[in-house]
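Swiss-Prot lists ARG171, GLU291 with the feature active site. Sequence annotations record features per position, and here Swiss-Prot assigns active site, proton donor to SER221. What Swiss-Prot records for 27-192 is domain 'FAD-binding PCMH-type'.
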Amino acid sequence: MTKDVLATFPAIEIKKNESLSHYTNTKTGGPADYVAFPKSISETKALITFANEQNLPLTVIGNASNLIVKDGGIRGLTIILTRMKQIHASGTKVVAEAGAAIIATTKVACGASLTGLEFAAGIPGSVGGAIFMNAGAYGGEMSEVVETVTVLTPAGQLKTLDHDELDFGYRHSTIQDYDDIVVSVTFGLKPGNQTKIQARMDELNTLRAAKQPLEWPSCGSVFKRPTGYFTGKLIHDAGLQGHRIGGAEVSKKHAGFIINVDHATATDYMDMIHYVQKVVFERFGVHLQTEVRIIGEDVVQG
């Protein structure tokens, strides 16, 4: 590295050789060479420009809730956007920066008596991550409420994408197809009754707590739903609930979750994912595709 990122950006918190297990919801993941925590779009843009100029590999993550970082970690510069978290409501719109928590965004919408985001009340991710994968729950998904998304291109240019340009599909948006980085999102909502909005959010959070193993570290829903099947039922019917590899276990509460019950590693998670895929395919002929984003490098043996 010809220039030191720490010396170049004294105003931005940057950590060297930092374990990403401190930031992922699974509490697993290897070290990142450098982790930066920008607080604004301008700081993020400056970091991207620096990485390009220095030929540094660049990885951007949000709340790391539906993410597995392999035990070998991530080379180059990793940007975590969770300090870019401003949210404001204006008229029937809510604008949220990419690092804002979805849960916090739903609370702002409710406070402004705006309806449409209730389905997301318990989704643990960031706004940017939710757009990246078109997150959804309880019959709703981001594609139904997003108006525009502002991104930084790999060249460091700001660009606004409208709904059609995002080409939303099941757990997919065009953000996955390019190297653009989401920096803010505008949600188009409708006027509603605040009491009813809050009641619906409370109802969904109660449902989520009853059905999902929220008391354990996990990466949320591991697999996409195959057409014509329910993922949890396939895994349950394969007899895999309670199966453990290392410290990773298929949840007894919800078969679609793999939880960290005893100091699991990312390798435990990867081994469990592959095992579940293998058994379900052997039993039912169905290939489970991962919904969780998997990044980073394997541990170098030697």
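Cβ coordinates are placed from backbone N, Cα and C, and glycine is handled just like the others.
The Cβ of the residue listed as 'active site, proton donor' lies under 8 Å from the Cβ of ASN66, THR231, GLY256, PHE257, GLU291, VAL292, each of these being in the same chain and 6 or more residues away along the sequence. Note on the domain 'FAD-binding PCMH-type' (27-192): mean pLDDT across this stretch is 96. DSSP assigns GLU291 (active site) to coil, not to a helix or a strand. Residue environment of GLU291 (active site) contains 19 other Cβ atoms, counted within 10 Å of its Cβ in all protein chains.
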